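Participant: Quick one: this structure, given as structure tokens, is what I'll be asking you about.
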């Protein structure tokens, strides 16, 4: 009895929740019906207000444009251990104390100029010493009143064979670095920037004079310049992309029926998203935002979501009854479409809102997500206001039987029959194309006709399903294989223009100077008993495997050579101060030791040395692994130390790039579940949506890894967008299937494709064609954007038109109860008809 009672309570609770969802869903539909009715009654107002906003904020784009000038702020973590280590190192050994040191002791990249001199194949750069010295003197003679620190390296070295001591036989390249002293002064920094520009021009001039040597230059300003260069390179391609999207949207919205064809609505839909994006950009600049190359993805992201809403609204208009007044048809379209569009827009805002939250540690991602939130919000407003007004005017023209292109009155059928064929074709309102199979003239749309008459039957065919299952297994296998190969390493080169000095320099440096890691500063920030042999052994253990430049090693060797003992503190410090550091060859170590005197007591409170590790070609990944191994040692060793190199600031975020998209995706799916729980009548809709979105997200992640796309800030933003794009296109398809009233799953998925397939195909086609011009922008950033978004659109299209139509015919929800309901209704109708025949035997009606 208890079990039955509990079961009854559970059934009652389920019925109550279902009724509540139906009430909420009905309330939202009623609200949007009234909103559509209000827009249809005041179309001029809703057309004018967005236009005025665009004009006002559009001018701000021209007057307030600012470019980001600090690359570290964008792509380095806002809060990282490396920045804390840099501050500590700078507080102990400030930059202005280094007067005659190489670049290895600097705590920030600062201002610098680097040049690699590469001999021709088979040549020896050492045989061209005169030219090297000539170039070196030309750099030093640059007149700007500054001091330069010079460092040099040899690359592509061949050693003398069978030699006891390592001796260089030949070298292919030499690298020279010129560091400038700035001391944080704004004026000095401006002078240094001018020096860097002169340095690049000098290298270019020298290259013309010395044709037998290839010169590759790099300055601190080069990275930022080549990063922002993508903006100018992509401007013309963005216009081509817009033209392609406009053409595709216009053609896909057209029909042979000159009355019901809506080419201008397709065109105006794309323009609606464009002007809303311009308004969002203006708001960004008014709020003192600074533009950077990563924001180039926002127009494509906004277009992918905005045009989906536009095409859905147009499709909703086509599903309304033609005999209704145009205002009621607009209201019906709003009621049918805007609930789902509101839900997906909310998911976009929530997802990118998480990316814009303080939990995001990359400023580039945070700025991008903030812009996306504003853009999606304005897209939503412009779609139901500006585009809704356009729909009202188009509906009024259709109701009054005006031509959809020429806006002239369509002649009567009698008049058309007397005209030439070309005139009949141009003025045909679709009457001659209608048949008993197509009572709805809108079914003549070529995409809907293809799906209904050809594709739906083919994809749900029994003989096609096994091949689709095999295709999905192949897709899942490659995706899983790619996900296993995800690494946490990336390079700043992936964000730069391809044909730029920075990329060329990085390629040559990687090829000839990748045998050793960057010089790592090893800072001991607490007093140690350096005279104790145990401490000395601990330092040797930590630095084992490194090539070191250490004052402590040199000092112990000095004591050993002089046969001097310094086993206590007094002797150790006296010899260090009064003998060792006074020698010319050891005098530079004064900058590596901090000696404090308190009364009569003298202590070494901090010191530093430099480490260089032997690496293979994948220098950056090995340095990251090295950093991850050294840091934990500082917690368990008796020697308290930190390690730092200016490049560590950029390397700290690679671990975060792998986990952050997964976390954001997980939170977004959870919030999407909460949002849609009250809006979806059947819970299986949510379940299938989660499975589908997960499959698409993992597919894009795995395939982009196999396509050699690194995890950087651009790929992170694309992964966040993939989640939303998948929800945007799969949710209507799945919910329509779950709620369909057909008596088999096959008929349900066919009905779902019939209702939403054309819109999905229109939008994804526009999206993918708009990406094509990105392929011709010579920039690594746009290549990453193109690859990720191409995979996003392709995987979504694959799931919507191939995988889901087949797999949904295998799994729940069952449609048997719908079949029973239809049988009961048919039996009841037959009984009613029999009664009517018995009451009126002389009157026969067609059944």
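Glycine is no exception: its Cβ is also placed from the backbone N, Cα and C atoms.
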Participant: For the annotation transmembrane segment in TrEMBL, which listed range does it cover: 628-650, 789-811?
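Facilitator: Transmembrane segment, as annotated by TrEMBL, spans 789-811.
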Participant: Labelled transmembrane segment by TrEMBL, one stretch among 25-43, 44-62, 63-81. Can you tell me which?
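Facilitator: Checked against TrEMBL: transmembrane segment maps to 44-62.
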Participant: Counting only residues 6+ away from its ends, which parts of the chain sit with a Cβ under 8 Å from the transmembrane segment (294-317)?
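Facilitator: Cβ under 8 Å, 6 or more out: 74, 230-231, 234, 238, 241, 245, 249, 253, 262, 265-266, 269-270, 272-274, 276-277, 280, 329-330, 332-334, 336-338, 340-341, 344-345, 348, 364, 367-368, 371-372, 375-376, 379-380, 382-383, 387-388, 391, 395, 495, 713-714, 717-718, 721, 724-725, 728-729, 732, 755-756, 758-759, 762-763, 766-767, 770-771, 774, 781-782, 785, 789, 793.
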Participant: Mind checking which residues reach the transmembrane segment (44-62)? Cβ under 8 Å, same chain, six or more beyond either end.
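Facilitator: Apart from its flanks, the transmembrane segment (44-62) reaches 275-276, 278-279, 281-283, 285-286, 381-382, 385-386, 388-390.
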Participant: Ranking 267-287, 463-484, 687-707, 719-738, 759-777 by Cβ pairs under 8 Å to the transmembrane segment (789-811), which is first?
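Facilitator: Selected stretch: 719-738, with the most Cβ pairs under 8 Å.
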Participant: Give residue numbers and ranges for long-range contacts of the transmembrane segment (267-287): same chain, 6 or more residues beyond its ends, CB-CB under 8 A.
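Facilitator: Same-chain contacts beyond the ends: 50-51, 53-54, 56-61, 64-66, 242, 245-246, 249-250, 253, 298-299, 302-303, 306-307, 310-311, 314, 371, 374-375, 378-379, 381-383, 386-387, 390, 766.
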Participant: By a Cβ-Cβ criterion of under 8 Å, what residues six or more beyond either terminus of the transmembrane segment (372-394) are in contact with it?
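Facilitator: Long-range Cβ neighbours of the transmembrane segment (372-394): 35-36, 39-40, 43-44, 46-47, 49-51, 262, 264-265, 268-269, 272-273, 275-277, 279-280, 283-284, 298, 301-302, 305-306, 309-310, 313-314, 317, 326-327, 330, 333-334, 338, 341-342, 345, 348-349, 352-353, 355-356, 404.
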